[in-house]
Amino acid sequence: MHEMSITQSVVEICEKSAGGRRVLAVTLEIGDLSGVVPDAIEFCFEACTRDTLLEGARLVIERVPGRGECTSCGKEFPVRGYFDPCPACGAYGMRVVSGEELRVKELEVE
């Protein structure tokens, strides 16, 4: 489960950013195409925050839907995977516009 190491990295990033202050809430953006399972992050969060500045912090996860832009016709459309065809022209080449995000969006500290 790579979500455990991802959650540990999130905790480290938040602790550095908090500057020694207790963290009350963390907001993460997780894209639907990122390969990260939000439920698994939630499951790991309590264990990873034990005895840290984040212990007891609230975790908020904002999902970012996948969107692509067709490289043939330029149409932007929702995607669930990297090989979805363009709904306008049927071509398979696309550029991902959103959905690969995995970032700490907001940190609430004391």
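Each residue, glycine too, has its Cβ placed from N, Cα and C.
Neighbour count (other Cβ atoms within 10 Å of the Cβ, all protein chains): 10 for H2 (Ni(2+) binding site). What Swiss-Prot records for H2 is Ni(2+) binding site, and it gives sequence analysis as the kind of evidence.
In the three-state DSSP classification, C73 (Zn(2+) binding site) falls within coil. Taken from Swiss-Prot, the feature Zn(2+) binding site applies to C70, C73, C86, C89, supported by sequence analysis.
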Cβ neighbour count (within 10 Å, all chains shown) around C89 (Zn(2+) binding site): 11
Cβ within 8 Å of the mean position of the Cβ atoms of C70, C73, C86, C89: remaining residues of the chain near Zn(2+): T71, S72, G74, K75, P87, A88, G90, A91
Which of C70, C73, C86, the listed binding-site residues, has fewest other Cβ atoms within 10 Å: C73
